[in-house]
Amino acid sequence: MEIRAEEISEIIRKQIKEYGKEVEVAETGTIISVGDGIARIHGLDKAMAGELLEFPGGVSGMVLNLEEDNVGAAILGEDNENIKEGTTVKRTGRIVEVPVGEALIGRVVNAIGQPIDGKGPINTTTFGKVEVKAPGIVKRKSVHQPMQTGLKAIDSMVPIGRGQRELIIGDRQTGKTAVAIDTIINQKGGDLICIYVAIGQKRSTVAQVVSKLQEYGAMDYTIVVSASASEPAPLQFIAPYTGVTMGEYFRDNGKHALIIYDDLSKQAVAYRQLSLLLRRPPGREAYPGDVFYLHSRLLERAAKLSDDCGAGSLTALPIIETQAGDVSAYIPTNVISITDGQIYLESDLFYSGVRPAINVGLSVSRVGGSAQVKAMKQVAGTLRLNLAQYREMAAFAQFGSDLDKATQMQLARGERLVEILKQPQYRPIPNEKQVLVIFAANNGFVDEYPVSSLRRYESELYSFFDSRKADILAELRDKKAIDDDLKAKMIAALEELKKEFTA
């Protein structure tokens, strides 16, 4: 084979022409200790707080502590054999981001937005920063649109508005998750996108919730973020921020979203674990000093935006689990002071058959009243007072049997109101039907029936109005208020039902 000098020189010239001078510069550090989801890294002098790090084996990490001679980072994933002392960690120069957008709807993802439902990758090119500043005062608008839960006791006495933060608090096994799931199911056919964040729960429980949501067609507008009990503390800590980042995408694009954190006590425990491993000084109940900020910066991101900012909203329903009804513990008092009200669920009520087990005296909605539908405001105005008086009288009535007629009537009415406000799980009720049944109870239409027949009366009332008085339901739905004319129609219809219903 003949070697041609001109050919060789041509190839060399071409190579020189195409030679790229780019040099890849990476800032790296060395792991000096690792364990329990925490790595200490030497050599990352320019790392930022909250920065994303690249660990060996494709695992990510997040910078939490910036110290004089090392950096403390949380490993966002399972500790694997590739992450050990002496291995190299790279800086990315980016803050932790998660995928956001419409493509996530109907999916179940982990704490960093990766799909775990076996339905393939999520096709989205949009990412959102996990840590961002909450909207300022100028960007906000006061809460004025209702967010219906479909639960009579809540929509009538503890109304929630779009953009509000309403805490659901109670002991374990009092129906906190049930209230949240019913609220999601009630949004079917509406314009709310729901995000359910499961923190520190059993995988079987999360699977059960997802199957219930699928059964009622609610996964069509729901995203589930799961950081189960078996996952490392850093993932349980970051999951709520991942969820709120996904919700903010809809809020900032003029849409309406609802996010449920189930539950924040477990997130606080995970954060306590992280902080103690990072050797941060412990405070009350061994929680770090910034545990209030942990929840306040999360919940402040739920807001109703002003018209100039697109008028979107993000409503938050955080859940907190109490120990033996102790609402004055550290985390419960923190979250109560951050939120715009709380729904307090009581185990005594739950076991006595009052479900949802809402304690009306301790539950309050600080801003929801201005968002409540006017018709509901008209019928439920005295409901809370009547129930509070009934509870007080019932306590005294235990001591004496000879009660006057007025007291007996008030006790009978109260008993019926409590019965009417009971509701089975997974059966949210539209607002106009709630108004009707509370109107009937308030105006004495159920006084003569025994308490045991009220559940049947309620279902017959709904079917009677659905089949024969649909115009009244439509008028209630459209007007959202009760005028004299509509009131007369409602009374006439209820009188007609009274003749037909036999207890």
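The backbone N, Cα and C atoms fix where each Cβ goes, glycine too.
Keep in mind the model is a prediction, meaning the values are calculated, not measured.
What Swiss-Prot records for this protein:
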{"type": "BINDING", "residues": "G170, D171, R172, Q173, T174, G175, K176, T177", "note": "ATP binding site"}
{"type": "SITE", "residues": "S363", "note": "site 'Required for activity'"}
> Inside 8 A of the center formed by the CB atoms of G170, D171, R172, Q173, T174, G175, K176, T177, which other residues of the chain have their CB, for the recorded ATP site?
Replying inline: E321, L345, S347, F350, A357
> For the binding-site residues listed here, G170, G175, which shows the highest count of neighbouring CB atoms within 10 A?
Replying inline: G170
> Rounded to an integer, what is the Cα-Cα distance in Å between K176 (ATP binding site) and S363 (site 'Required for activity')?
Replying inline: 13
> Given R172 (ATP binding site) and S363 (site 'Required for activity'), what distance in Å do their CA atoms have, once rounded to a whole number?
Replying inline: 17
> Helix, strand or coil at K176 (ATP binding site), per DSSP?
Replying inline: helix
>> Give me the CA-CA distance between Q173 (ATP binding site) and S363 (site 'Required for activity'), in Å, as a whole number.
In response: 18
> What residue among the recorded positions Q173, T174, T177, S363 has the most other CB atoms lying within 10 A of its CB?
Replying inline: T174
> In whole Å, how far is G170 (ATP binding site) from S363 (site 'Required for activity') when you measure between their Cα atoms?
Replying inline: 11
> Pick from D171, R172, K176: which of these binding-site residues has the biggest number of other Cβ atoms within 10 Å of its Cβ?
Replying inline: K176
